[in-house]
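> Submitted below is the structure of interest, expressed as structure tokens.
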Amino acid sequence: MNAAAQSATDPLTDEIVGNIDLQYYGPVGFGNDTHPQQLSVIIDTGSADLWIPVGCGDCVNPQYEANASSTYTDTGNSFNVTYGSGNVGGTLAHDTIGVGSLKIDKQYFGAVTHVSSDFNDDPISGLIGLSFSSIAASGKPTFFENLIMQDKVSAPFFSVYVTRGKANGSTITLGGFDVSKAVGPLTWVPVVSKTYWTVQFDGAVVEGKNVTGDLHAAIDTGTTLIYLSQAVASSIYANIPGAGPAANYDSNFFSFPCNSNPTISLLLGGHDFGLNLQDFNLGQEADGSKNCIGGIVGMDDTFMEGFAIIGDEFLKSWYSVYDYSHGARVGFAPNINNAQ
């Protein structure tokens, strides 16, 4: 272990739209200067690329002034990433990147010159992907993988705490675990595919009744809701009295009586993890409606057959730890949101 190895905690901001915690973002420093430029980026465990705008004509948020950095290098190689909610394009570059006191020289990232309108709707400049570099469009190690390989972190894991309805207070800790954010022990779930932070989804327990499922589920801080196969989602709502397809929404959304209090837990890697009703209930189907929209959404198999995405709706109840050791695993501990 390098004597200089350490951990760093970065504060995150919760972007709140209505009563929805849409996404979480934090500051990352760019450039090997006395005062690196700080830009806000989405913290995303569901992708593996880092990108920021450089000379981007259709970007409305702050951009990286790359010409102010003596260590910035543009490789000229093309860089393109498509997400579930948009796409970005530009060239592959490298420079010194830092989060808190942790820095990597020659960290590769996308210097994007185009972003789709979805990203301009957000108060962020870019995105930092924290899943496995096996799925990186850049073909390069992620920022955290470089921290591990260069022995700069005291432990080969990072951990995330996200708030519920509070703009401030969320954090990501690189190389450490913040015990003040957890109110119970960690339960470890093995990663079944080192692509996303993918774990086995075995089903759910709804109102005491088992719903079977056999899906690979990505634990994704960059996704707001929970997305399961249409068949599993339908089975979950079938066990909630009065629930059914949501009116005036596409067929993937469901509603349930607002005055009901369904109990739902997800089975991940053979373990049972409860879902908080505050997060599952997205609000009324329409003004004056007695039905509310549920936060578990169906996905057509045309997206990724046998795949699921477990987003912030779940993580608001569970402090999550992403560990590259022990064959790769994700840990969940009850967090302080449910103790307040």
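Heads up, the Cβ atoms here are built off N, Cα and C, so glycines get one too.
What TrEMBL says about a protein is an automatic prediction, not a curated fact.
The active site annotation in TrEMBL covers D44, D220. What TrEMBL lists as domain 'Peptidase A1' is 24-333.
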> On a count of neighbouring CB atoms within 10 A, which of the active-site residues D44, D220 is highest?
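When each Cβ's neighbours within 10 Å are tallied, D220 tops the list.
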> Just to verify a number: CA distance, D220 (active site) to D44 (active site), in angstrom, no decimals.
7
> If you run the three-state DSSP split on D44 (active site), which class comes out?
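Note: D44 (active site) is in a strand by DSSP.
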> Calculate the per-residue pLDDT averaged over the domain 'Peptidase A1' (24-333) and state the result as an integer.
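A mean pLDDT of 96 is what the model gives the domain 'Peptidase A1' (24-333).
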> By the DSSP assignment reduced to helix, strand and coil, which category contains D220 (active site)?
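DSSP assigns D220 (active site) to coil.
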